[in-house]
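The active site, proton acceptor feature in Swiss-Prot is assigned to 95; the stated evidence is sequence analysis. Per Swiss-Prot, active site, S-methylcysteine intermediate is recorded for 350. What Swiss-Prot records for 115, 119, 122 is [4Fe-4S] cluster binding site, and it gives sequence analysis as the kind of evidence. Annotation comment: Swiss-Prot describes 176, 177, 208, 230, 231, 232, 307 as S-adenosyl-L-methionine binding site, evidence class sequence analysis. Residues or ranges marked as disulfide bond by Swiss-Prot: 108-350. The domain 'Radical SAM core' feature in Swiss-Prot is assigned to 101-345; the stated evidence is sequence analysis.
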């Protein structure tokens with residue numbers, strides 16, 4: 001936790017850090033130096049920033065800090081997925097999940113403590129909404145994960161070349177609706193893309209939204225990254241039930257927003273995420289209806305087997321039904337994947353990011369809810 005009298009430098013993107021250095025009477029190049037020390041060399045204090053003038057280091061000591069997330073627990077799944085539970089104060093916790101694969105390492109980042117959208121199939125929404133995360137709390141998840149993973153592999157901090165980087169992709173798919181925390185999420189994503197910080201390409205940063213149409217347009221104008229849309233239903237009555245935000249931004253408006261976004265997006269398609277719910281949205285008729293509603297949007301489908309939790313009253317679609325549903329889409333020429341469930345033994349699978357505890361304020365119980373905390377090993 002940082003002192004209330006100091007500024008957390010993790011809250012600044014490049015432009016903000018230049019402005020802050022200017023307020024100290026320093027030139028813009030000092031901001032780049034600071035940014036590299038913080039985001040590439042994992043500096044925890046100012047004494048080791050040897051290319052900064054001693055006078056600047058002394059100024060920073062009295063005015064600024066590099067505040068990092070407080071890790072409450074650190075779990076590794078049997079499949080290599082790693083989940084950090086982060087204490088964000090006042091009994092609230094968020095989760096960050098790293099998914100290792102042969103050709104990439106994907107970090108799933110949270111943007112809010114809880115979520116107000118309250119999708120019926122997502123356990124995070126059932127814990128209610130507490131607050132938005134700050135830019136520091138969002139980018140701090142990437143900083144914490146990248147350097148923890150490097151340490152586990154014996155890799156030293158330093159400029160993020162391809163050979164050194166562990167996190168190659170970031171997905172804003174953790175707890176919360178990112179576009180309802182726009183003012184903090186966008187500076188964090190700017191840092192993810194900045195060559196003086198993490199240097200990821202726009203194609204490797206994906207924001208997932210339940211469909212906040214005005215903010216989709218704003219994101220397209222200001223920082224178009226890869227976009228995923230939590231669709232989950234092929235018609236308005238069903239989506240109203242599963243994704244309550246649909247009552248405000250129905251499918252016709254959402255599809256139009258997707259078309260507008262694609263004019264500026266780094267990828268030439270939208271990824272539509274679709275949680276497979278037995279007897280609810282998983283028939284071949286639903287698949288055909290889905291093709292019709294998305295016909296004017298270049299897209300691919302990511303079918304997500306539902307991860308059950310007691311309060312939902314829902315059941316995962318049977319594997320054979322998921323295959324039949326997918327085949328309808330594939331036969332129509334649409335790229336379709338079925339998400340492999342990862343990290344479900346540590347409650348890190350999609351839709352499980354509330355863990356096993358209903359009350360989001362019971363951090364002590366929740367810390368151990370996913371099972372025994374095991375020794376972190378190399379991935």
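Cβ from N, Cα, C; glycine included.
Spanning the residues 176, 177, 208, 230, 231, 232, 307 that the record associates with binding S-adenosyl-L-methionine, the maximal Cα-Cα distance equals 19 Å. The shortest Cα-Cα distance from residue 176 (S-adenosyl-L-methionine binding site) to any of the recorded positions (95, 115, 122) is found for 115. Counting every protein chain shown, 29 other Cβ atoms lie within 10 Å of the Cβ of residue 176 (S-adenosyl-L-methionine binding site).
For the binding-site residues 208, 230, 307, the greatest number of Cβ atoms within 10 Å around a candidate Cβ is found at 230. Cα proximity to residue 177 (S-adenosyl-L-methionine binding site) (within 10 Å) is found for the following recorded positions from 95, 108, 115: 115. Recorded residues residue 108 (disulfide bond) and residue 95 (active site, proton acceptor) have their alpha carbons 9 Å apart, per Cα-Cα distance. In the shown protein chains, 26 other C-beta atoms lie within 10 A of the C-beta of residue 115 ([4Fe-4S] cluster binding site). For the residue listed as 'active site, proton acceptor', other Cβ atoms within 10 Å of its Cβ number 27. A 10 Å radius around the C-alpha of residue 307 (S-adenosyl-L-methionine binding site) takes in these recorded positions out of 95, 119, 122, in sequence order: 122. Residue 307 (S-adenosyl-L-methionine binding site) carries neither a helix nor a strand DSSP state and counts as coil. Distance noted between the C-alpha atoms of residue 95 (active site, proton acceptor) and residue 119 ([4Fe-4S] cluster binding site) is 18 Å.
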